[in-house]
Amino acid sequence: MLVQREAMDNHGIVVTVNVDGTILTVNDKCCALSGYSREELIGNHIKIFNVWNITKERQKEILKGAFSGEVWHGELHSRSKAGEAWYVSSTSVPIFSPAGRVNKIVFICTDITEQKRLEQKSAAKKRFYQSITNSIGEGVYAVDANGKTQFLNPEASRLLGWSLDELASHRFHDAVHYQKEDGSLLKREACPVNLSIRQGQPYSSDGDYFTDKQGRLFPISIVAVPLKNNHGDIEGHVGVFKDISDRKRAENRLKRVYEDAKKVSNAKSDFLATMSHEIRTPMNAIIGLSHLALETESQEQKQNYLEKVQGSATSLLGLINNILDFSKVENEEITLTHEPFTLHQIIEKLAQIFQHKARQKRLKLIFDIRLSLATPCIGDKNKIYQVLVNLIGNALKFTDKGFVKLFVKEKDNGITFCVSDTGIGISDEHKEKLFNAFVQADPSISRKYGGTGLGLSICKRLVERMNGKLNLVSSSGEGSAFSFTLPALIQPEGRPKEAVSITSDPLLCVSLNEDMHSVCDALGHTFSRLNIGFTHHKWKEAPLPTFSAKTLIALSDNPSDWDTFYEQLHAGAFNSLNLAAIVTPLNTEEAVHRIGEASCDKLHIIELPITEHTLLAALVPNANTTAKTQVTGLESKKWRHKRLRNKHILLVDDDSISLEIAQQILLDSGIEVTTVADGEQALAACKKQPFDALLLDCLLPGISGFDVAEKLTSELAWQTPIIGISADATQVNIKRAISAGMCAHLLKPASAEEILHTIDIHIHRGYKTLNVVPTDDTFLQSLHQFYVRYSNANTLTQLINAISNSADISTKLRQLETDASAIGATTLCHSLTKLNAVKAGDIKGISDVSFAIDITLKLIAHTINLAFKPENSTHTKFPLNQLIKAIDSLTAYDAEALALLDNLYRAAPREYLHRLDRARQTASTYDYDSAVQELVSLKESLTNDE
């Protein structure tokens, strides 16, 4: 018994308490753990042990149960006298009195403090590692040797949609890793993770796929390592994974970008190869044919060579323009205009430029226009024209047989354009890349047909800028159709009234074979629109009618059709049909050759493509068409040549060839030319003598053309017009030219028409009065009437007010537009067509029209004065007295000086008119000193001659 007590005292804790909880006995072990002495504990209440894991109420319940004879077992967590925690596993044993009542309770406890500390340390470590797996942004799972899920961190649960409890009864592979990328089944035996783990090897991959609870298959990056016991046996594995869907999408995008970049790189390489071919071909022709032209003595052969040189140069210029246009579109430098126009202006130009090309390839070019060409439109006609030129040009290029058709119709206040052909067509696989820059449907196409692959890309972007979309319908070998609709192109106001029939006679159109049926169908639509009766007769399907008021016959280029027609014509088949015209893709000369001049004596030859103007001119000679030519109008070559004759122009260009070309253009128009090659020489020449105008290259070496213009206008008070010319078409360059003092800017290579027209509208100075009144020439009378009417200050004020108030434009300025058109004032007519697009108070619109009116009045004044200068005036004696009187009047700043100068100009011989005109122009700007200087110089030369 003593041995047991000793063992208990050394290894256990024994505490005896009475029924009220007072401590009766404690052993040494209890005192050692609690930190209290035996004296401090005995007689004190049991609560001194400071048990904190069991509430006071529970403690009372335990004591109460013990005194009822119950045995209690549990853990007690206490704090020592020093406040340190100590833990025991306790059993309460009731002690009964001889009377059978519990009078004591013995608590027998075992010290488990160290065990608890180890458990707490282990739990802390577990919490630490758990916090790590919970906080990392990747899913973590663990499975046992059977593949059953033992652990999932929160991220794994979030990605998979499963909780650990839900997955615990499943094999991880069967629930999550059972599908391949394509959705096919991945068996557990073939699972790369399991195969690697079985071999005791870690597994890492970015190519696996998990399936979440909802069935979504997503790509993962995974690392899995085997879990081994102390014997090295594999008991499962742990895996770390993350969803890489975003990364895969980014990789796929980068892959596509790389592939696209590779395609673009290849396309650019192909483009450069094509460009090399496209540039070298015309350059080879230019160099080779130029050499042949220099070597041959035959004038006819020279002419032939030079015409081909010009064609090659035009082709090369078109190529360069395409590249520049593409660059502008890519850099969003294209500016759209918004001005009124009619389709007539576009359709006539298209007919002119493509008629010969279609004829060369023996193709039918058909215009099927289903709305009035006089319909008022508002937009950028030049960009529309550019798109149609590209589309029709391509259609002709890629079509070797059949037709090319331009179809135009109204659609919801917009206009639909469609260019279709019977050419090589485009396969489905090539359609998508067709509108890409530098790309053609097939590289072999550029080798066979030529071209850079830029045209359609430019067209697509231009159409999109005009709020349209370029569509394509095509099949390989069956032709193509490119179409686009431009919305809000038609102006609701000013629509032409329904056409009143120009002729009451119905027309009959006979087509000999099906090749011309489509031509006749297009004719039918045109006649229907013009309210003219029309019947299409197909030769092979029925006999000819017995009578027709007027008949057209449609003949292809097939010689057999012409033979048939010739035979029937001379057999009298058309005697009662009043044959009026032949519609054909051939030119007139070839048509006449095929059936003879006698047969064509009373027949009109209407060449494809048919336009409204050519059609009505042939069939209804008295009809008013929308096409008017002013071959003798105010701005015609005839009158321009007279106005520019004997003018003196300074030409400045550092390029000798450009200088020679421009010089010859000016000389051919009777202009006196002085040439210099740089800015310093130009300034020196201007200080030495006066000129009527200066044609100046903007990009001269040394002192640039811009600097020359600035020095002349600011330092020398130069008032003579300066016209800039350069190969730089950017808006920055043009604005710099104007700000430097230039009145206009021309783009190289400028045509003779552009150069001479620009000089003509800027070189003349205006007059306050016009004393000459023509009496015999009706055209000159109309010029004089226009001048008298519109040079009046009150009239001009009314016109400016009308421009400022857009509501009055249609009523106030209609007469001006009619009068300008009647005299051939094309510059003024062009500015007036813009008025419908001018908003009220638009300063630029007012300025443009005012400038155009001023130009027209100046041109009229000079034209009338030139017209009434006697041709034999070169033999007239110079009126020296009038010259002296004019000099005196100018010296005295007399108000009559200008009138005296006008009289002197009309009386002087022709060879002096140039110098007198310069004096008049200078005096008209009230620079009387310079005018006196000019007249004194003239007087001295006259005196010396005598």
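Positions of Cβ are set from backbone N, Cα and C atoms, glycine also.
Automated prediction, rather than curation, is the source of TrEMBL annotations.
According to TrEMBL, the domain 'PAS' annotation covers 14-51 (among others). Away from its own ends, the domain 'PAS' (14-51) comes close to residues 8, 59, 63, 67, 76-82, 84, 86, 88, 95, 102-109, 111, 113 of its chain (Cβ-Cβ under 8 Å, at least six residues beyond either end).
Mean pLDDT of the predicted structure over the domain 'PAC' (72-124): 86. According to TrEMBL, the feature domain 'PAC' maps to 72-124 (among others).
Residues or ranges marked as domain 'PAS' by TrEMBL: 125-177 (among others).
Annotation source TrEMBL lists domain 'PAC' at 203-256 (among others).
What TrEMBL lists as domain 'Histidine kinase' is 274-490.
Annotation source TrEMBL lists domain 'Response regulatory' at 648-763.
According to its DSSP assignment, ASP697 (4-aspartylphosphate) is in a strand. Under the heading 4-aspartylphosphate, TrEMBL lists ASP697.
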Task: Please work out the helix, strand and coil residue numbers for the domain 'PAC' (203-256) from the DSSP assignment.
output: 12 helix, 31 strand, 11 coil
Statement: Counted with DSSP (H/G/I as helix, E/B as strand, rest coil), the domain 'PAS' (14-51) has 15 helix, 11 strand, 12 coil
Three-state composition of the domain 'PAS' (125-177), taking helix and strand from DSSP: 27 helix, 12 strand, 14 coil
